[in-house]
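Feature annotation from Swiss-Prot assigns active site to Asp105, Asp107, Asp259; the stated evidence is sequence analysis.
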Amino acid sequence: MNDNPATDKVFKEVSSLYKQYFEYAILVRKWLEIPDDLSHREIGYGMLKKVDNRNMSFNTERDYLAWVLKESPFHLYKSLSYMEYPDIVGGAAKKGLFKREVAFDIDTHKTEKCTHDDSWICEECLGEARNQVLILIEDFLFPDFGLDEKDLKIVFTGNRGYHIYLKPEDPELLKRIEKWGKNERRYFIEYILGKNLNLRNMGSRWKNILVREFNKNKIATKKFEKTSDWKTEIDNRKDTTRRTIYETIDKVKSRLELDEKVMDDDIRLLRTIGSLHGYTGLMVKEITYNSLKNNQFDPLNHGVFSKFHKKMYNVKIKQELDPLTLKGDTFDHNSTEIPASYLLFLFGHGIDFEILE
């Protein structure tokens, strides 16, 4: 890798850990997702970068799994799109896109309560990601689109976010959704983000959401509930009230940190379920709506590959770090004995450390 023996040693050990994980995930537990209609899906992967290589495809599950076991990539992806020629370099037209999964990507940043560096994670920012998933589902996907929990696939990304796939049980509805083009997907996400909100003609869903928030801010809502022309009603309020109303609307519209490119890009790749996230070493893991709703899923516990939390290393960490808690154990730059789970996190974040004999 380079001329530094200590760095080489770390890289080789990390590579070995990823190989051990995939052998267990594939051969023992069958955790790794095999994208449906595999031969029409593009595969991408990365080692030191998110995506070093893409435009790959496999005709059989056997070939795909054999490749994953051999390469054991730090980052593993599949395309949302189904294509006639997934291994051709180029855009959707060259690849022959004929349908596409619809998925949301919630990717939160550090919150005001986080005390760590921007790239670190903690219970606060992970909790914010959870809250945003519930807002998306309960304020929009369930009431507006008639979906229920059986129609969704929720995946912890292995970092500060979740992927939410629309997978209706109704085959005709699924077929229609997967035939959506870029314009339909764009309209869908812009509606949820309130980008086309028309205060002269308020729809019922956004009206209900905003009335609820107005009540929290002690803004009288009776007249808003009876009219769709909110612009006129707002303009009739006092300056301070009017300012509070607009601030509340802007705050509600910015609640969701949705990656719009995931909805917009025809040939977007998403992380493969059952792989590891190369920046954190945490599992890309499918979870249930109820486990999220009832706060039963703890990413810093259930997202850790348990076998890696039992494999210990003596290390020397050469820079100051914010604390990180994995499976109830807290580590920082003063830690001298750490599990493989924390070692992968350090490596993924480019931390300067050395494995000791």
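Every residue, even glycine, has its Cβ placed from backbone N, Cα and C.
The structure displayed is predicted, hence computed values, not measured ones.
All protein chains shown were included, and the count of other CB atoms within 10 Å of the CB of Asp107 (active site) stands at 16. The highest number of surrounding Cβ atoms within 10 Å, among the active-site residues Asp105, Asp259, is found at Asp105. For the pair Asp105 (active site) and Asp259 (active site), the Cα-Cα distance reads 5 Å. Asp259 (active site) sits 7 Å from Asp107 (active site), counting Cα to Cα.
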